[in-house]
Amino acid sequence: MPDFAVNLSMLFTEVPLAERFSLAAEQGFQKVEIQFPYELPAPQIASLLQQNNQQLILLNAPAGNWQTGDRGIACQPDRIEEFRQGITQAISYAKELKCSNINILSGISPESYSLEIIENTFIDNLRFCAEAFAQADIQLLTEAINTQDIPGFFLSSSAQAFDLFRKVDHPNIQLQYDIYHMQIMEGNLINTLQNNLDKIGHIQFADVPGRHEPQTGELNFGNIFQAIDDMGYSGVTSLEYNPSTSTAESLRWIKLIAERE
Ligand SMILES: O=C(O)C(=O)[C@@H](O)CO
Ligand SMILES: [Mg+2]
């Protein structure tokens with residue numbers, strides 16, 4: 001089975017964020033990720049990680065104002081200064097929490113600019129982050145998101161991401177490959193992972209449709225996890241789903257899939 005982490009922004013949401021670390025530890029998770037950790041001071045998160053003997057393996061850079069509809073701002077020409085200020089905060093959290101990956105969300109394409117200007121803004125911001133993160137020994141990740149859930153999201157396929165990586169032309173950039181989003185946008189999951197393993201730094205998953213735990217939808221996770229192991233992927237694979245029941249009950253698939261092996 002892959003090296004699993006759990007996303008504390010989507011699982012264990014029965015309790016406030018600060019209480020999710022211990023619930024995850026009780027279920028055996030020593031690796032956790034948090035989409036936006038900024039609601040808690042970094043020293044408090046550091047002590048929660050230490051108390052529960054856990055490692056934070058991923059956080060997102062600030063992504064604008066989620067409540068008013070932002071889903072990242074890295075492709076937005078009018079918000080470059082705000083984006084880069086957020087990067088300072090993300091690096092500071094990552095350093096204090098010894099977190100070695102930061103995910104950048106392109107955000108939704110603004111209607112008032114051409115696609116060329118939007119793409120160039122995103123490329124410049126990614127290049128800026130790749131260099132700043134490299135100096136702090138942090139891996140830059142960026143994630144493609146499906147445009148059914150977030151219409152207009154700029155980076156929406158792995159093919160587009162790999163084309164952008166060639167244009168960014170920096171060694172410190174990899175894709176956060178989310179199986180849920182990519183099943184909706186592209187399918188062909190196992191082949192894409194296998195053929196682009198050198199460009200994939202992190203994997204997340206949920207079933208389709210519904211974005212719930214494995215065995216609630218159309219994907220064969222037993223085969224997908226076996227293929228991830230067989231292809232020699234050495235990164236982390238994270239549970240990032242909305243449990244269809246309580247989080248604890250939603251984890252039954254792990255045992256069921258492990259028994260099949
Ligand atoms: O929605 C996802 O998928 C994520 O990984 C989030 O980090 C985006 O906010
Ligand atoms: Mg994801």
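Cβ from N, Cα, C; glycine included.
Features as listed in TrEMBL:
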| type | residues | note |
| --- | --- | --- |
| ACT_SITE | E143 | active site, proton donor/acceptor |
| ACT_SITE | E240 | active site, proton donor/acceptor |
| DOMAIN | 21-255 | domain 'Xylose isomerase-like TIM barrel' |
Sequence-distant neighbours of E240 (active site, proton donor/acceptor) in its chain (C-beta under 8 A, six or more apart): N7, M10, E33, D178, Y180, Q204, F205, A206
Count of other CB atoms lying within 10 Å of the CB belonging to E143 (active site, proton donor/acceptor): 21
